[in-house]
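Since the structure comes first, as structure tokens, the remarks are kept for the end.
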Amino acid sequence: MGETRKRGRTAKTQASTNETMDFQYTAAAQNDAVAPQNDAVAPQNDVFVAANEAVSNATANNDANNPPLARRVRGRPRKSGAGHTEDTDPHVAASPERRPYQNGAVVLEPPPQPVTKWESVAARVVPAMDAVVKVFCVHTEPNYSLPWQRKRQYSSSSSGFIIGGKRVLTNAHSVEHYTQVKLKKRGSDTKYLATVLAIGTECDIAMLTVSDDEFWEGVSPVEFGDFPALQDAVTVVGYPIGGDTISVTSGVVSRIEILSYVHGSTELLGLQIDAAINSGNSGGPAFNDKEKCVGIAFQSLKHEDVENIGYVIPTPVIMHFIQDYEKNGMYTGFPILGVEWQKMENPDLRLAMGMKSDQKGVRIRRIEPTAPESHLLKPSDIILSFDGVKVANDGTVPFRHGERIGFSYLVSQKYTGDTASVKVLRDSKILAFDIKLATHKRLIPAHTSGKTPSYYIIAGFVFTAVTVPYLRSEYGKDYEFDAPVKLLDKHLHAMAESIDEQLLVVSQVLVADINIGYEEIVNTQVLAFNGKPVKNLKSLANMVDNCNDEYLRFDLEYQQIVVLQTKAAKAATLDILTTHCISSAMSDDLKT
């Protein structure tokens with residue numbers, strides 16, 4: 001939710017759900033319905049709006065220290081602006097109290113306001129505020145459409161806080177594609193250069209440190225508290241809208257559920273609060289009434305029908321990230337079970353699958369071929385329990401008193417490489433398996449983990465691997481509507497058959513004499529080269545470079561082919577690279 005200074009195109013509102021997925025990764029429509037918070041391109045109609053988007057009107061109305069931007073009157077409410085919320089009921093002011101002067105004159109004086117629970121909480125967390133820092137980042141994002149280049153750099157500001165071990169936590173999107181990161185303490189005029197230790201894309205958390213010992217002087221690290229309950233008071237502290245002084249907003253925990261993490265394109269445990277979270281609040285801590293951190297602010301909901309709905313990364317997810325880093329010396333990610341499942345709420349379906357009246361569970365639809373359990377589990381197996389916890393017909397498990405939550409929560413509590421006990425019903429028999437959990441391999445990755453995009457050029461044909469950032473670069477935030485249907489189908493439904501499999505396309509054709517007639521080929525999938533299936537970009541580059549045949553033949557989708565004379569194609573490549581000022585015919589990762 002870092003505040004950015006950058007403009008771009010707007011996107012349409014799109015919200016969809018996929019309730020039959022065990023994957024923590026959400027579908028494309030879900031990912032863009034919730035806009036990334038540090039995305040400098042501010043969508044005007046997205047359901048979920050990044051908290052780093054400039055929403056000055058909402059902030060002014062929510063910050064008790066600022067006057068309202070416009071006087072509210074009785075009557076029909078106005079339509080809200082893009083990405084903003086507005087009261088649906090008329091605002092009623094408190095009746096003033098009349099008090100007479102000694103000379104008989106009368107003055108209107110407002111009645112005293114009672115001190116609320118949340119205001120008292122805010123007062124108690126004052127000592128912990130000194131550990132909250134402002135994060136300054138310069139981003140240089142890769143140009144996925146022209147992968148040999150980078151885009152113009154831009155700056156953002158967000159929040160963070162100091163924890164034990166001389167470390168600072170903030171949001172991953174606050175330092176995504178970072179070139180330089182600096183931190184400034186509360187009340188200080190000095191910015192300290194920071195080093196990024198780990199970035200957890202899925203959970204939207206990043207860990208930083210500062211080598212200058214002066215930065216750590218006089219500051220006590222934030223301590224983490226217990227997982228909050230519904231209606232517990234919380235106070236969010238940070239630097240919204242790029243302000244240089246600290247800002248405090250208070251509210252309560254209004255919902256606890258598995259929710260969509262916009263930046264991570266995942267589904268993890270999250271807290272919904274009614275405290276205002278605005279641009280620049282990203283990475284700031286949420287405190288309870290005991291001055292303990294119970295979460296990290298990371299996104300908010302902006303829509304004309306709602307107001308003051310923010311989201312916080314809870315302590316279980318934060319501790320998973322920290323312990324993962326301490327255990328492995330790096331961030332390894334959140335494991336998944338690797339199956340798509342179907343609810344078993346229909347009684348006829350349960351009878352047809354051989355389930356008894358006292359048995360509950362979910363049916364496995366498909367299994368990820370790259371998942372460790374692919375050789376153990378089978379389609380139509382009924383998952384009865386995970387690590388001894390029974391799974392209901394709707395895919396939920398018990399979660400504290402009077403609450404239920406998706407069973408993917410149990411999976412997310414594990415670490416990569418851990419073993420879990422899974423009981424399934426197969427042919428009316430109960431079978432138990434010990435399954436080793438791993439991270440998800442997607443055919444079209446949602447993120448590139450900070451790596452520059454790969455490419456290969458021959459005779460002006462630019463080959464690249466399809467990723468979600470690439471689709472977004474080519475088709476904007478509406479890529480789930482505007483991208484080719486076949487690419488979207490593979491993005492939403494296709495599964496990688498091997499760890500190193502990639503989906504390759506001819507991104508574009510750099511026009512030259514040798515490729516006359518092929519100029520209109522754009523974002524077309526590559527299926528085979530000289531009769532051999534193409535597995536990934538590196539294998540394609542090796543096959544072309546080592547080809548001694550007279551012709552280079554590329555089989556594309558829709559039975560389209562490209563044929564080039566081998567010697568002429570290789571000779572023309574150098575001239576094309578020179579014409580377009582491209583330093584190399586392939587990205588560095590393909591050269592190793």
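From the backbone N, Cα and C atoms, a Cβ is placed for every residue, glycine too.
Taken from TrEMBL, the feature compositional bias 'Basic residues' applies to 1-10, 71-81. Feature annotation from TrEMBL assigns compositional bias 'Polar residues' to 11-20. Annotation comment: TrEMBL describes 54-70 as compositional bias 'Low complexity'. Summarising the annotation, TrEMBL assigns compositional bias 'Basic and acidic residues' to 84-100. If you look up TrEMBL, you'll see 346-437 marked as domain 'PDZ'. Per TrEMBL, domain 'Protease Do-like PDZ' is recorded for 444-589. Marked as region 'Disordered' by TrEMBL: 1-20, 54-110.
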When pLDDT is averaged across the domain 'PDZ' (346-437), the result is 93
In the domain 'PDZ' (346-437), how many residues does DSSP put in helix, strand and coil?
-> 15 helix, 35 strand, 42 coil
Provide the three-state DSSP residue tally for the domain 'Protease Do-like PDZ' (444-589): helix first, then strand, then coil.
-> 55 helix, 35 strand, 56 coil
